[in-house]
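Visitor: Okay, here's the structure, questions in a sec.
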Amino acid sequence: MKLNVAVQMDPIARINIKGDSTFALLLEAQKRGHGLSYYTPDKLSMIGEELVAPVQLLTVRDEPGDHFTLGEPKREALNGFDVVLLRQDPPFDLAYITSTHFLERIHPKTLVVNDPASVRNAPEKLFVMNFPQLMPPTLISRDLDEINAFRDKHGAVVMKPLHGHGGAAVFRVMPQDMNFGSLFDMFTVTFKEPWVIQQFIPEVKHGDKRIILVNGEFAGAVNRVPAADDLRSNMVRGGAAQETELTPREREICATVGPALRERGLLFVGIDVINGNLTEINVTSPTGIRAIARLGGPDVAAKVWDTIEQKRAK
């Protein structure tokens, strides 16, 4: 089966192909003979009921510095494609939300991965609250009294913006921390939505495990270990990728979360687990495929495309 695939992503010239999961998906699609077209989300337009974009034919190569070739832009209706990959990175802002409304108009006749309505309705730090039994104690609030009561009960906490990404603006706040007042003021000015306050898990120094689920099933995992002088394990923040196996607790988490993802059309998802605690469910633009492959793990990109092809064959 040969599919006509469009990818909605950030500028391809700027990606780091060594760690980029979108690039891994494109390489696998090309290997299977699928046609690739590219556009950036700012190019989407709706004219009446028609969703259009100036798409460019795309060829990819696993060669740093020379990893793609683009054809000339050609205005096309996106409902003429078999598949659209929704792969731009956050921020999960109004521009991102608007693009999900646009893409919802063509899905599922054109298969959008992930389902745009479900992406919109499942922000990673909110959707995870559907599974409190799997999480560390967590508060979502910007109310000072609520935050202080939570800190009094749980001691050291991590404080981060609700719609942040990539480890940006993540802080550990210790009990009686003299910086908390200034941090609260800074968050109040900078982030207008509520914030995430979560009990600090000291075992994060041993790693934050990124587990990939494809159509609700375990597909691969990588342990991300923070640098000695940093709290954050994100690989874009200097975290080191290590080979890993799932614990029984982590398999339980996958078995609990997986059906909810499958029901919502969330085909490619990354969940984050620290010491057996589920902390995030990433449905927008999950990463980890290339690190898992580099460490000798499963071919996650192949599993994603196997699943897409099966869905398009029905």
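Note that Cβ sites are derived from N, Cα and C of the backbone, with glycine treated the same way.
Take a look at what Swiss-Prot says about it:
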type	residues	note
BINDING	151-207	ATP binding site
BINDING	Glu280, Asn282	Mg(2+) binding site
DOMAIN	125-309	domain 'ATP-grasp'
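So where do these features actually land, and what's packed around them?
Guide: Cβ environment of Leu183 (ATP binding site): Met159, Phe171, Val173, Asp177 lie under 8 Å away, each six or more residues apart in the same chain.
In the three-state DSSP reading, Glu280 (Mg(2+) binding site) counts as strand.
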Visitor: What does DSSP call Arg151 (ATP binding site) in the simple three-state scheme?
Guide: helix
Visitor: Spatially, which candidate from the binding-site residues Gly167, Pro175, Phe191 is nearest to Glu280 (Mg(2+) binding site), comparing Cα atoms?
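Guide: In terms of Cα distance, Glu280 (Mg(2+) binding site) lies closest to Gly167.
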Visitor: Please report the Cα separation of Gly207 (ATP binding site) and Asn282 (Mg(2+) binding site) in Å, rounded to an integer.
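Guide: Gly207 (ATP binding site) and Asn282 (Mg(2+) binding site) have their Cα atoms 17 Å apart.
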Visitor: Would you mind listing, in sequence order, the residues at least six apart from Gln199 (ATP binding site) in the same chain with a Cβ closer than 8 Å to its Cβ?
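Guide: In sequence order, the residues whose Cβ lies under 8 Å from that of Gln199 (ATP binding site) (at least 6 apart) are Pro136, Pro137, Thr138, His154, Gly155, Ala156, Val157, Val158.
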